[in-house]
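Features of the protein shown, as given by Swiss-Prot:
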TRANSMEM  9-29  transmembrane segment
TRANSMEM  42-62  transmembrane segment
TRANSMEM  72-92  transmembrane segment
TRANSMEM  96-116  transmembrane segment
TRANSMEM  131-151  transmembrane segment
TRANSMEM  178-198  transmembrane segment
Amino acid sequence: MADTKEMKAVLFGPVLANNPIALQVLGICSALAVTSSLKNALIMSIALTLVTAFSSFFISTIRNQIPSSVRIIVQMTIIASLVIVVDQVLQAFSYATAKELSVFIGLIITNCIVMGRAEAYAMKSPPLMSFLDGIGNGLGYSVVLLTVGFIRELFGKGSLFGVDIIPLVQNGGWYQPMGLLILPPSAFFIIGLFIWVLRTYKKDQVEAKA
């Protein structure tokens, strides 16, 4: 049984110290696609966190019964089943959002973070630790997504969660929204800035020069 210190390291390590996007550069595609609004970023973050946590838990539970030759197929089957559940729940409670995010929710099946944690950690670790690892990596993913979504919606539209925060010029206010931030490439710049700030304070994450 893992001790409390190890559990905390597994749970909180991926948030900043070993962030899946900032350090491992995984899950970039969805970070570009769904962060034009904070609402979409939040829903995607919750969906990926739940799928990563529970898929890692279930895969770890049966890891000793999975033949090595078909382990990837088994992992993807479990992940796909959980993604279908998430998509159906989203359609039941927020159909408009589900319709908008349907393609990206479906792509969680092949998300590098989910597949990576299943193969690299869940196949070698007990269920509880695998579940915590999934939660931790989901939180690390969420931190970046929510940061990008916050900046893009606030300065690109002058709103948060669809509610006007900054008075726009077209509505008689003073702020001229930055249209560039609504475009997907802006997420690249913001993620790059996030990585730069993180590595400024965490020198151990800077790659060694050849």
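Here the Cβ of each residue, glycine as well, is placed from N, Cα and C on the backbone.
Listed stretches 9-29, 42-62, 131-151, 178-198 were compared with the transmembrane segment (96-116); the greatest number of C-beta pairs under 8 angstroms is found for 42-62. Looking at which of 42-62, 131-151, 178-198 has the most CB pairs under 8 Å to the transmembrane segment (9-29), the answer is the stretch 131-151.
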